[in-house]
Structure formats: structure tokens, C-alpha cells
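Chemist: Have a look at this one.
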């Protein structure tokens, strides 16, 4: 199977996407457009301070979602925060998927020291509670969007690596692989032309679920003050000091949280629907593990 | 593969020792990679001279080669000497143990909530597979899985504490009130927060394992013989679905700890998670590193224990 065939097979799977998967895909497209284009369209800069209009409640004139403690427009802030959160989610997912897939291919194809080393590193990384490890790294490194992308990558690559490793181990024992090896194919050829296209659908599913998790992880670290730093906004750090104003102005806490919850839900729904479409046997069993 | 319980335990323990070495090396390197290294806290204090700083470095053994420091630190860990806090010079291990109770309390309470919720959700999904209620359960599961823990906590605080006054907004107990009901009222919101977001973790596994069991011949036979549905679930499906959950309980612990950190922060719950965050803020690296190591060891011990228990409980793994 060539790379083009693999993409074609994913495309035919898309026709099997459940309605909830389609809704999720539409939502994601809309959110990305809103976050990218929205701040240009809206009249306020995300750092535009207006001390005469602090703590406006939602559905105020000119401020659909109200304003924060120094009069910044919350809708603009949420959309700007969305840019950062989505960027972190996407960038760290691409990085961790590439790293995880490469390590998974190596570990699944070899049976000696390489596999042992990689699986041991995976297991060791999984020993740490994720948020503890992320906060330690964030405390060591200087904070910023690049740093948080790196940190999220560092705790997210294992998922793709495990999926790819397991699949590679199955595929390399298949008859057609034995056949091309007998015909003199090199390891490189087998990995890139036979194994990789066949693990691609599983990688796409795991990447979609990883985006969801990455957005959530960024929000945790930024909420705790170790991620994206003010005045830059991210969905996590918008909630950073919202707890102070919870009594008087709960919207400041509730609205950015809804943005996180909704977006992460949609990525998870899309990932699960993709998995069901690609592997109908899972739908029959209803397994989500 | 035939493998006795002892051989299995020995093999797993061997791998775990290797993992611990890797984990401790990572932790040690992180501590020394911090800006200013372990001396950061001291160099910030007023009137500090380079000379005095060098003295401290010497007394802490920081002028020795890195590998020697690592070996000494590792030896200390094994002997129970985890270093001293920069803040109050109390031994790290005793500080951690002092904060452990609150986290265990929160963890167990949320575990009960999430396990019972997951059991109910998974069983309903498996028994009504393909029906509307199954789809609803899986949708609710995805939503719960996607909620940011801290946000759910804030929502609970706002609606169930600020607006209604039903529950306290944070803390372990009211000052001067040691009654059990007061402690439970304080526990309710954080436990619910942490418990709810973990329901789908259990629900998904119960759903899958129960679904597998329901498809087996002995269930069909029992059904054909007219055994009541609840009896089949209670006697046959549940035990078979619970057994493979044992090793997952071990894997689940890191997730629980991460969730506890966030939940403890929102609810000012004096547990290990908040201790960790506080010590990071104060650059109290021995304590931060201690908590990191402690949780890694805990995770390894628990996953090993869970695997052994599973091995002992399921004869098929030994045959």
C-alpha cells in the first residue's frame, strides 16, 4: 500500500463518520476560523484596557461576553486565548506524533536492545504523574509558548509510540511483509512503504485524541501559573485569577472554561468517531480503551 | 506462558528497580538544571556574598563531581534521608508524610465516586449496547473526560458554595470544628470534582470488559435456561468485568495524583499536590523533588502490587 492509498483509505473511512463526529469536525473548523479571524474583526485589541468599563456582565453593549477586571473585552480575550491554546495543542501534537511514531516504528520493528530501551523510557515517563512532571519542567525552563509546547510534547509522545509499536509488531509478521523482505527489500523500504502507511489511520486517531489532551494539559499548567504568561492569554490562564472574582463576577471563570470543555469534548468526539469509522470492529465491541 | 507468581514478581521488580534508577536520575538532573541550581533559594536572600554562597555550596557537597553527588543523594533516598526543606529545614520525608493524609482522604473518596459511577455507566452501556442510552452514556463519558478539573471545581464552588452556601468553598475543616460531619462537608466538593472527571476512565473499561463477557457462551446458556438478568449480571458479568480492572487501578494512580494536585489547589486542600506547588513557588527544590520521587515510587509500588494481585486472582495468567 502506498502513501496515497493510505490517505484514500482514510478518506473512504470518513464516509462512515458518525453524526457526532461530523458535528465535532464542523465545530472545530468554526472555532479555528473564529480564533484566527475574530480578533481582527473585533474592535478591541486583546490588551485594550478600559478602566471605565470594568466587570461588565455578558450581553453588555459592545461587549457580548462582558469585560474583565481591567476592562478588557472578554470575547476578544477568549479568541486570542484560543489561538494560543489551539496552537499549543496542534504543535505539540504534531511533534509528539512524529517522535512517537518514529520511536514506535523502531521499537516495533526491532526486537533487541532498541525495543527494550524505548519501552523502558516509555514506562519510566508514565511513572510520573503528568501534571507534577510538567510543573517541574516549567519551573526549570523559562515560561512561554515555545516552552509549553515542548513540555506538552514531552509528556504526550508515549501514546503514539505505544499504538505504533503494537501495530508494527503485528504488521512485520504479515505474509506480504515476509514476501517483500524475501524479494530483497531493505528495512527502510519495509518501514516507510509497507508499515507506515498501514499504521497511519491509527496514528491519525491517536493524534486527534492527543490534541484534546494537549489542550487540557496546557490549560492546567497555565491555570496554575506556570504556562502561558500574562498579558498573553490562553484558555488556561484566563482562569488564573478568575477565582478571586468568583463571587461577584462568575462569568470570568465560567466562559473560558466552557471554551476549553467544549473544544476538548469536540476533539475527543472526533477522535472516537474516527476510530469507529476506521475500525468498525471496535464499534461492535464498544471498546474505548 | 507458564510463569510462577514468584518468578513473575521477581521479573517485574527487576524492571521496576531499573525504572526507578531512570526516574531518580531524571529527577536529580532536573533539580540541578533549575536556574541557579539548588543554591537558587540562598542566592536570593539579602546580604548574600559569593564567599558565603561558596561555603554553603561546600557544606551541601555541591562542589563535588555531579556523579558523586548523585550516588550520595541516591544512597540517602534509600536510607530514608531525603534531605531538608530550604524553608524550615524539616526533613523532606516527614513533610510529605504529614501532607499525605489529606491526599489519601481525597483520593479514596473520589475513587469511590468514580468507581461506582463508572461501574453503573459501563454496565448500562454494555447491557444496552447499541441503544440510545448506550450512546448517551458514551457521550456523557466523553464530556466528563474533557472537563478541566479546575474549572469544574470553580463551577461547583460558585453554584454549591457561593450561591447556595450548601458546602464550604475550601479547606480541610472549619477552624475549631473537628466533627465528622464538618469534615465530610469539606470533602464533598473536592471529592465530587475529582470523582466526576474520573468516571469515564472506569466506565470505558467496565463497558468493554462487561461487553466481552456478555458475548460469551456461558452467559447465553444461562439466559436460555431462564436465569434472571440481574442474577447473570451480579454473579457472572460483574466478577469477570472486575478482574481485569485490578491492574488498571495501578495505572490509574498517576492520573489520580495529577487530578489531586489541581483539585487541591482550587479547594485549598492541604495535600501533597498543594505541597508540591507551594514548594515550587518557594523554590524549595528538595521538597518538590521529594514529592516527585515519592509519587513515582508510589506509582511503581502500586502498579506492581496491582499486577501481582491480578496475577494471583486470575488463574488463567498462571496456567
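We number each residue from 1, going along the chain as drawn.
Even glycines carry a Cβ here, placed using N, Cα and C.
Checked TrEMBL, it gives:
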type: DOMAIN; residues: A:82-271; note: domain 'ABC transmembrane type-1'
type: TRANSMEM; residues: A:21-42; note: transmembrane segment
type: TRANSMEM; residues: A:84-109; note: transmembrane segment
type: TRANSMEM; residues: A:116-139; note: transmembrane segment
type: TRANSMEM; residues: A:145-164; note: transmembrane segment
type: TRANSMEM; residues: A:195-216; note: transmembrane segment
type: TRANSMEM; residues: A:251-270; note: transmembrane segment
Chemist: Checking distant contacts: for the transmembrane segment (A:195-216), what same-chain residues at least six beyond its ends satisfy Cβ-Cβ under 8 A?
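Modeler: Same-chain contacts beyond the ends: 1-3, 5-7, 9-10, 13, 85-86, 88-90, 92-94, 96-97, 100-101, 104-105, 108-109, 152, 156, 159-160, 163-164, 167-168, 171-172, 177, 235, 260, 263-265, 267-268, 270-272, 274-275, 278-279.
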Chemist: Which stretch, A:21-42, A:84-109, A:116-139, A:145-164, tops the Cβ pairs under 8 Å count with the transmembrane segment (A:251-270)?
Modeler: A:21-42
Chemist: Can you work out which residues elsewhere in the same chain, 6+ from the ends of the transmembrane segment (A:21-42), have a Cβ less than 8 Å from its Cβ atoms?
Modeler: 73, 75-76, 79-80, 82-83, 86, 262-263, 265-267, 269-270, 272-274, 276-277
Chemist: Counting only residues 6+ away from its ends, which parts of the chain sit with a Cβ under 8 Å from the transmembrane segment (A:84-109)?
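Modeler: Contacts of the transmembrane segment (A:84-109) (Cβ under 8 Å, skipping residues fewer than 6 from its ends): 31-32, 35, 115, 118-119, 145, 148-150, 152-153, 156-169, 172, 187, 190-191, 195-196, 199, 203, 206-207, 210-212, 214-215, 218-219, 228, 232-236, 260, 263, 267.
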Chemist: With a Cβ cut-off under 8 Å, give me the same-chain residues at least six positions beyond the ends of the transmembrane segment (A:116-139) that come close to it.
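Modeler: That would be 103-104, 106-107, 147-148, 151-152, 154-155, 158, 161-162, 165, 217, 220-221, 224, 226-227.
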Chemist: Using a Cβ cut-off under 8 Å, which residues of the same chain at least 6 positions beyond either end of the transmembrane segment (A:145-164) come close to it?
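Modeler: Apart from its flanks, the transmembrane segment (A:145-164) reaches 84, 87-89, 91-93, 95-97, 99-101, 103-105, 107-108, 118, 122, 125-126, 130, 133-134, 137-138, 199, 202-203, 206-207, 209-210, 213-214, 217-218, 221-222, 227-228, 232.
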